[in-house]
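Each remark here refers to the structure printed beneath this line.
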Amino acid sequence: MGFTIPGLFLIKSRDILPAFNLEALREIKMELDEVIITRAIFDEYSKTFLDYTEVDVALIGGGPANLVAAKYLAEAGAKVAIYEQKLSLGGGMWAGGMMFPRIVLQEEACRILDDFGIRYKEYQPGYYVANSVESVGKLISGATSAGAEVFNLVSFEDVMIRENDRVTGIVINWGPVTAQRLHVDPLMIRTKLVIDGTGHEAVVCNTILRKIPNAKIGNLGKLGEKPMWSEVGERLAVDATKEIYPGLIVAGMAANAATCSPRMGPVFGGMLLSGEKAAKLALEKLKEL
């Protein structure tokens with residue numbers, strides 16, 4: 001017997017389910033149970049999720065600044081988690097400049113590349129070039145190997161506040177739920193500090209301005225980055241990395257957006273140095289709490 005699919009040849013059932021000689025397949029001898037696979041994934045992720053309902057630092061966004069911050073925080077013993085609404089981490093670093101997978105960095109940032117084992121070469125005096133794909137891969141590896149936990153496909157929805165409107169936690173939901181605008185109530189995570197590393201959108205900062213009456217981010221009552229000026233944008237990315245609201249540190253491109261500073265394009269030295277500074281600031285604040 002057989003059946004046909006329009007436009008295809010006759011398929012016989014014995015061709016669909018060939019008689020495998022399992023004894024001859026010796027590379028993997030273990031028998032597998034699909035239900036055990038399901039249970040293992042659900043059980044282990046559930047344990048991790050519950051363990052991370054209270055953290056020292058919640059890093060919103062999995063871009064390069066937050067990956068650097070996560071590594072240094074975790075190495076110092078802080079309990080840190082990265083929440084990234086997309087499937088993959090790395091922000092805009094993957095594609096380099098206009099899909100040419102190369103990034104440029106300044107000499108000051110090369111020591112951070114060394115910390116993560118990222119290869120680079122000098123293009124002209126002071127200009128260093130690295131492979132963007134290798135850079136993202138090793139940033140992720142460095143952060144997770146140091147002990148940072150990653151929750152990808154989890155989106156930031158809101159902050160938790162207490163006395164004096166200080167940020168004391170985050171409100172999260174599944175990324176696809178947010179993308180589809182489904183009416184699904186979120187869950188909450190308690191944290192001592194939040195780092196907004198959400199890039200151009202500065203999502204956490206904008207949420208505070210929108211939902212807390214008379215809130216100001218730094219000295220500003222509004223957000224928004226200025227047009228391209230690489231040199232100034234890079235310098236201000238580091239300078240603007242600070243506790244910009246009680247319980248909230250801003251890093252990376254979000255720091256530029258939160259302080260009306262210029263964008264900088266595919267130059268990433270400022271992003272990495274901003275992440276390092278954010279980690280140092282967070283560790284200092286944790287000692288005070």
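Cβ atoms are placed via backbone N, Cα and C, with glycine included.
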Candidate sharing the NAD(+) site with ALA65, GLU84, GLN85, HIS183, VAL184, ASP185, MET253 (per TrEMBL), from GLY77, GLY92, GLY96: GLY92
All-chain count of other Cβ atoms within 10 Å of HIS183 (NAD(+) binding site): 5
Largest inter-residue Cα distance among ALA65, GLU84, GLN85, GLY92, HIS183, VAL184, ASP185, MET253 [record-listed NAD(+) binders, Å]: 32
Cβ atoms near VAL184 (NAD(+) binding site) (within 10 Å, other residues, all chains): 10
ALA65 (NAD(+) binding site): tally of other CB atoms within 10 A of its CB: 35
